[in-house]
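Asks: As annotated by TrEMBL, signal peptide applies to 1-42. Per TrEMBL, the feature domain 'Glycosyl hydrolase family 59 catalytic' maps to 66-326. According to TrEMBL, the feature active site, proton donor/acceptor maps to GLU175. Residues or ranges marked as active site, nucleophile in TrEMBL: GLU251. According to TrEMBL, the domain 'Glycosyl hydrolase family 59 central' annotation covers 334-449. Summarising the annotation, TrEMBL assigns domain 'Glycosyl hydrolase family 59 C-terminal lectin' to 486-660.
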Amino acid sequence: MAEWLLSASWQRRAKAMTAAAGSAGRAAVPLLLCALLAPGGAYVLDDSDGLGREFDGIGAVSGGGPNFGASLHILKVEIGGDGQTTDGTEASHMHYALDENYFRGYEWWLMKEAKKRNPNITLIGLPWSFPGWLGKGFDWPYVNLQLTAYYVVTWIVGAKRYHDLDIDYIGIWNERSYNANYIKVLRKMLNYQGLQRVKIIASDNLWESISASMLLDAELFKVVDVIGAHYPGTHSAKDAKLTGKKLWSSEDFSTLNSDMGAGCWGRILNQNYINGYMTSTIAWNLVASYYEQLPYGRCGLMTAQEPWSGHYVVESPVWVSAHTTQFTQPGWYYLKTVGHLEKGGSYVALTDGLGNLTIIIETMSHKHSKCIRPFLPYFNVSQQFATFVLKGSFSEIPELQVWYTKLGKTSERFLFKQLDSLWLLDSDGSFTLSLHEDELFTLTTLTTGRKGSYPLPPKSQPFPSTYKDDFNVDYPFFSEAPNFADQTGVFEYFTNIEDPGEHHFTLRQVLNQRPITWAADASNTISIIGDYNWTNLTIKCDVYIETPDTGGVFIAGRVNKGGILIRSARGIFFWIFANGSYRVTGDLAGWIIYALGRVEVTAKKWYTLTLTIKGHFASGMLNDKSLWTDIPVNFPKNGWAAIGTHSFEFAQFDNFLVEATC
C-alpha cells in the first residue's frame, strides 16, 4: 500500500505540474511541491501546543444546506415585530396583547426549509422591532421587562410547538440599547420554561459597553453566552477578549454581491478570527429577495428578486462561503498557528481533532475586498510563494484536496474549482503555493466537497406591466400577498365574515398602533409593488375605511423611496378620508398638497379609487367618475405603485389592478 501511495504521489505531481494545459488553466499552476521551493514565507501548521478556539460556524441572516453551495452552518432570523427593519416590515406573532399566531410571515417556512437541507443548522432569533403594545405608550421595549421577555419566549415556544423547531440562540435588540436587568429576566424566564439549552447573545451592536458591563456584573457575565458585535472590521475590543466568552461577528458583510463583495467576505471570514478571535461570522443577508431599489439592493450572498419570473443568480459570495463551510463544522477547532502572509493575505487552519485538517488561504487585495463598513485601512497584497509545513498530528497526512477561486477578470475567473489533489508523502509534510492577488485556496483532508449543479434559472423579466390581485385565497400559505412589500404597517390576507359577497376575501392593514420602532417608520402605513422604472401607469383598487371620522386610505404611483427611507418617500398619492374629504399629495407625509376637496365618502363602505399618471399630469376617479384631472406632477419621474392608510388603522383593499405603459 505504501509503495502504491508513493507511486501515486509521483503521478499526481506530474499531473499537477502540467495541469496548466488543462481546463483549470493558471489555477493549477500554483501547486508546487517542496522540491521546487522558491523564496518566500514559511508557515507552520501545528497542534503540538494545543488548539485555538472552538469554531461555531458561518451563517447568514437567512439560509443553509450541507455540501452544496454556501452550506451555511447558521441561520439567523428576525423575530418579526411589525416595524420597518431595513427593507420592509415583518409581521409579529403577537400584533396585540391577546393575539398569538405562529404562521405569519416567511421565517417559519424558511427555518423549516433550512432544517430539511441541514438538520444540524444552528437557529438564532433576534428582534429588530417590537409590537407597540409592549411599550405601553413608549417607543421602548424595556418598560415591562417581564412582559417583553414573555413575548420573546412565546416565540421560542411557538417555534417548537407549531413547527418542531428548536431555537439555539436568542438575541436582545438588534443594534439598539440593551438592558442588563432585561437580559437577566430573559434568562430566568427561559429556564422557567425548560429552555436552559437556549443560549443568549448580547448585544448585537458594539463590543462596548456590553463587555465592560459583563466584567463588572457577575450575574450578567453568567447569563450571556456569546458576545456578538456587528461590522467589527475584523477586530474585537480588549474587554470583550478579557471576558473569555465566545466572540462572534453576529452581523457582517452587507455588501453588494459582486466580486468586490466576494472579496470582502473571503477576507473577513479568515481575518475575523485571526485579528479578533471571532469564531462565527454571520452575513446580512443570505438572499437579496427584495426590490433592488430598496436600501442595500443585492447585498445578499445570492440574488433572487424576481418572484414573478423565478430568476435568480448564484453570486460569487456563495462560492467564497463554500471554501470554509463545506470543509468545517461547528465543534471543530482553529489551530493556534494561524496568521497573515508576508506579502498580504491570511491563512487559517481548523481540525476536528480526529485527524482531519482544513486550511483556508486568502489573498484579497485592498481594492477588491472593501466591505460596506467599516473603513478599511490600506494594505498591500503582492505575488508571493508561501510554504506550509504540517507538524504535530498532521505531519503524516498523505494527501490534501484542493479547491480554488480567483476573483476578477472574466478571462481569469474561477469560482470554487476543484484542482488535482496534493500528495505529501515524499515531501516531509511541506508544500509551496504560488499566490497571486484575489485568490482563495482550501486544502483539506475531507473529500466531501462538491460544487454540484442546478437547473438554469428562468430568464430575468421585468415586473408584469399588467398586474391584478383579487386576494381570493381561502387558506393562504403565507399571510402576505405576493409581490407586495410592506414598508410601514402589516398587510395580511383577511376573511371578511361581514361580507359574504364580492369582498369576502381582502387584504387588510392590521396594525392599530405604532410599533416600537427600529428605523424611522412612516406615520402612515404603506405597501409597495411593481417596477421602480414605471412612469406612465394606472392604479385601480377597491378600498374600505374601517375607522369612522379620522380614517383614511390611499393609492399611489411613482413612489420613489422605501425601507429605512420610507418617511421621505415622494410620489403621487390619492387619498380619501372618512370625514368626507379627498387629497392629492406629492409625498407620503402629506406636506406637498396638489389638490383637496370634499367628496361623499364615509367609513364602513367600499369605494373604487383610480389613479392615472401620464407624463407630467395625473388624474383621479372615485367609483369610476372623474374627481380631479390633469394635476401637474413633475417629480418623481418613476417609482412603484402603492396602497396604504392615513395612520395605524384597520382598512381593507380588494381587486387591485395596475396597468403600466412604460
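Even glycines carry a Cβ here, placed using N, Cα and C.
Predicted, not measured: the structure shown is a model, and the values here were computed from it.
Show me how these features fit into the shown structure, please.
Replies: Cβ neighbour count for GLU175 (active site, proton donor/acceptor): 14 (other Cβ atoms within 10 Å of its Cβ, all protein chains included).
Long-range Cβ proximity for GLU251 (active site, nucleophile), meaning a same-chain Cβ under 8 A and a gap of 6 or more residues, is found for VAL61, LYS76, ASN174, GLU175, ASP204, GLY228, HIS230, TYR231, ILE282, ALA283, TRP284.
With DSSP states grouped into helix (H, G, I), strand (E, B) and coil, the domain 'Glycosyl hydrolase family 59 central' (334-449) comes out at 6 helix, 53 strand, 57 coil.
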